[in-house]
Amino acid sequence: MKLSKLIEGLDILKIEGDVDKEISRIVYDSRRAVPGSLFVCIDGFKTDGHKYIQSAMDNGAVAFLVQKDVPVLENMTVIKVPDTRYALAHVSAAFFEHPSEHFTLIGVTGTKGKTTVTYMIKSILEQAGQTVGLIGTVANIIGSERIPAQRTTPESLDLQEMFSNMKEKGADAVVMEVSSQGLKLNRVGAITFDVGVFTNLSEDHIGGNEHPDMEDYLKSKIKLFSMSKRGLINIDSEYAGRVLAESRCPCMTFGIENKADVYAEDIVTHADSVEFTVKTPWFGGRVKVSVPGRFTVYNALAAIGVAGMLGMGFEHAVNGLKNIHIPGRAEIVPTPGKPYTVMIDYAHTPDSLRNILSTVKEFVPNRLISVFGCGGDRDRGKRPQMGKISGKIADFTIITSDNPRTEDPMAIIRDIEEGIKQTDGQYIIIEDRTEAIRYAMSIAKEGDIIVLAGKGHETYQIFKDKTIHYDEREIVKEILESME
Ligand SMILES: Nc1ncnc2c1ncn2[C@@H]1O[C@H](COP(=O)(O)OP(=O)(O)O)[C@@H](O)[C@H]1O
Ligand SMILES: [Mg+2]
């Protein structure tokens, strides 16, 4: 495609050189440049792409998108823009000929529930016979093809290529998790969502390379509603007022506590599911979701709301939710013949640990056994908090490891112990995660529920010197076999 066509409509500060060139490929990593490439210089957290112009040229790049002044050599085309991240999104969308205009695009943002809501929407739309693409934390999926995900929201160039792939595969709709980083860094720039969903907001992703403060975090989330045709907002969220006031599109609401367009009544929780009556402007009735917990009601309402907004029938929502399975989210692992239950959940923050443990505590017939650790090289402050939460809610806690990275696993465990010591919760420390799970299963009695928190869908454990394959579902199966 001609460079002039790629930059059509882009906010440009300065052009030097010829824009009539044919562009063979767009790259933001100079090592991937090939003859005829357009190299987009991103000033990132680790390094600055403007430093690699020569290397991109050596590989054949002919045009450069920059946001800083750089020396212009012969035969180079240099285009200066205010923000190369946004420009990358713009030229990528143009390069792939705006693939997302060919399907219904749904974006889900919020601190918690993004993965769950996207899986629920996908399931409902599939009930209605649609081919649905999914983009998010766990994997990117189109039809039966699975591509493991690198990050929750891919870089704009990779995202547009994925859209293009999904369009080729006949997607009627694509549901994607939109992280606040994805919004802030314009990974979803130059895209219009048919529906944007706001699940909730709590303190997370603040500090480091992410968001300086809560306001920045909220503002990033709200950005989705200047890129969507319609919005669906959780009215019970503390921040709903701000989102509704600052969104630039018409919005509908969902909730339980406050009056909403889509709301739930007569909620009944079970050990493995939750049931409620949903009322909406389009349809209403009893719904059962095969994931436990009150937060599941919120996630389901979001998905049902989107279904209604897109004109789906009530039966599609009911059928889409009744057997829904979300990898690593309150996932029950089969333990045939055993009188106890093992549940895997991705909870790895204080909030989500509290959520999952208190949810299970509500219906556990006997004891709640919690097994968890905290990641190394990550926020230390959350370790004692999580220790305290487990000590207060669980009947017994096994503190173990969860991606220690470069830290000493026992040092992390001692930080967690600080918190649990402040409660009268009983606990034991078993550094090796497999041994910790084995111990939990060996002491579990009839009616106990073991919650393995932290790993969820992940299939690895990261240590100082190595990363090993680690799939908790397989571990539980192996332990069961060794117990025979
Ligand atoms: N609506 C919700 N409110 C609070 N906690 C939730 C909600 N949905 C899920 N959770 C908790 O957060 C964890 C992560 O859920 P997930 O759907 O993966 O969210 P995200 O993709 O936004 O990180 C779940 O395992 C569960 O413990
Ligand atoms: Mg996610």
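Using the three backbone atoms N, Cα and C, a Cβ is placed for every residue, glycine included.
What TrEMBL says about this one:
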BINDING   GLY110, THR111, LYS112, GLY113, LYS114, THR115, THR116  ATP binding site
BINDING   ARG378, ASP402, ASN403, PRO404, ARG405, GLY454, GLU458  meso-2,6-diaminopimelate binding site
DOMAIN    22-95  domain 'Mur ligase N-terminal catalytic'
DOMAIN    108-307  domain 'Mur ligase central'
DOMAIN    328-456  domain 'Mur ligase C-terminal'
MOD_RES   LYS221  N6-carboxylysine
MOTIF     402-405  motif 'Meso-diaminopimelate recognition motif'
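Using a Cβ-Cβ cut-off under 8 Å and counting only residues 6 or more beyond its ends in the same chain, the motif 'Meso-diaminopimelate recognition motif' (402-405) has close neighbours at 348, 372-378, 412, 433, 454-455, 461-464. On the backbone, the CA of LYS114 (ATP binding site) and the CA of LYS221 (N6-carboxylysine) stand 12 Å apart. Checking the binding-site residues LYS114, ARG378, ASP402, PRO404 against ligand 2 with a 6 Å cutoff on the Cβ atom leaves LYS114, in sequence order. The Cβ neighbour count for GLY113 (ATP binding site), using a 10 Å radius over every protein chain in view, is 24. Take ARG378, ASP402, ASN403, PRO404, ARG405, GLY454, GLU458, the residues named in the record as contacts for meso-2,6-diaminopimelate: the widest Cα to Cα gap among them comes to 17 Å.
Among the recorded positions listed here, namely LYS221, PRO404, GLU458, LYS221 has its C-alpha nearest to that of GLY113 (ATP binding site). Separation of the C-alpha atoms of ARG378 (meso-2,6-diaminopimelate binding site) and GLY110 (ATP binding site): 21 Å, rounded to the nearest whole number. Within the set of binding-site residues LYS114, ARG378, ASP402, ASN403, PRO404, LYS114 have a CB atom less than 6 Å from some atom of ligand 1. Note: ARG405 (meso-2,6-diaminopimelate binding site) has non-local neighbours GLY375, GLY376, ASP377, ARG378, ILE462, PHE463, LYS464, i.e. same-chain residues 6+ apart with C-beta under 8 A of its own C-beta. The residues near the meso-2,6-diaminopimelate site, meaning same-chain residues not in ARG378, ASP402, ASN403, PRO404, ARG405, GLY454, GLU458 whose C-beta sits within 8 angstroms of the mean position of the site's C-beta atoms, are HIS348, GLY373, CYS374, GLY375, GLY376, SER401, GLN461, ILE462, in sequence order. Assigned with DSSP, the residues of the motif 'Meso-diaminopimelate recognition motif' (402-405) fall into helix, strand and coil as follows: 0 helix, 0 strand, 4 coil. Looking at GLY110 (ATP binding site) and LYS221 (N6-carboxylysine), their Cα atoms lie 7 Å from each other. Per-class residue totals from DSSP over the domain 'Mur ligase C-terminal' (328-456), listed helix then strand then coil: 49 helix, 26 strand, 54 coil.
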